[in-house]
Amino acid sequence: MPPRKRRRQCQKAQLLFHQQPLEGPKPHYESHQQPITHTVQVPSKPIDQSTITSWVLPQFDTAAESRFPTHRKHHRDQARHPTRRSTCKFPRLTFESPESSSSETLLLSNREQLQNSEKDAPRRPLVPLFSPQSCGELSVHVPQSLPHVFMPPDIQTPGSSVREDPISPDQKENSLPSCILGPRTPRTPEPGPVLVKDTPEEKYGIKVTWRRRRHLFAYLKERGKLDKSQFLVKT
């Protein structure tokens, strides 16, 4: 077997200096701090703790935070699990304007009514939107809710001076389409502004620079000062 290599000592010996440091021995783990020589005395004024926060509204008072101590560990868990719903620990702010408060109460009551109606209503089987079954249901329910005859948007209705004759429910059902929400033919978009005009046949093969200078081009061509190679495109 080959002889084992001797491990070298990693710790090197401390360097030795012939001269001692001028400022004395320096500590190994502490920075040298200079002594404080210049001190300034500032006149102090007593502070009244009761008047410091007199301008702060009670809803923004820091005492509310002391009632609900913060839990750092809980916040870390929330960051790890973002799907959990976060609950507000601080009291809601109250506003003085009555309009905003009334609108908020109306919104809350409407949401509760919608949730209750969704819970109470029996679940129906899902039906595609444009299936014949859904079209039949729409044609049954729509005539009862519509007071007048359904008119397509493309047909111009007469003015308000023309009186409408009373129509029987049988005629209403016949006049309505089988499915109101049926697919409509898309309207063709109107043509936009012309960005670049087409080149007329007279100017085919002529360079663009001479197309923009028609008077100069005709003048030089009549005088014979332009060769074909100067104004015609090479093919």
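Heads up, the Cβ atoms here are built off N, Cα and C, so glycines get one too.
The Cβ of S50 (phosphoserine) has 6 neighbouring Cβ atoms from other residues within 10 Å, across all protein chains displayed. For the recorded site, S50 (phosphoserine), the DSSP three-state label reads helix. Residues or ranges marked as phosphoserine in Swiss-Prot (evidence: similarity to another entry): S50.
As annotated by Swiss-Prot, motif 'RAD1-binding motif' applies to 54-60, with the evidence given as similarity to another entry.
If you look up Swiss-Prot, you'll see 66-106 (among others) marked as region 'Disordered'.
The annotation compositional bias 'Basic residues' is assigned in Swiss-Prot to 69-87.
Look at Swiss-Prot and you will find 96-106 tagged as compositional bias 'Low complexity'.
For 123-130, the entry in Swiss-Prot reads motif 'D-box', with the evidence type similarity to another entry. Residues belonging to the motif 'D-box' (123-130) score a mean pLDDT of 55 in the model.
Taken from Swiss-Prot, the feature region 'Disordered' covers 156-198 (among others).
Positions annotated as compositional bias 'Basic and acidic residues' by Swiss-Prot: 162-173.
If you look up Swiss-Prot, you'll see 171-175 marked as motif 'KEN box'.
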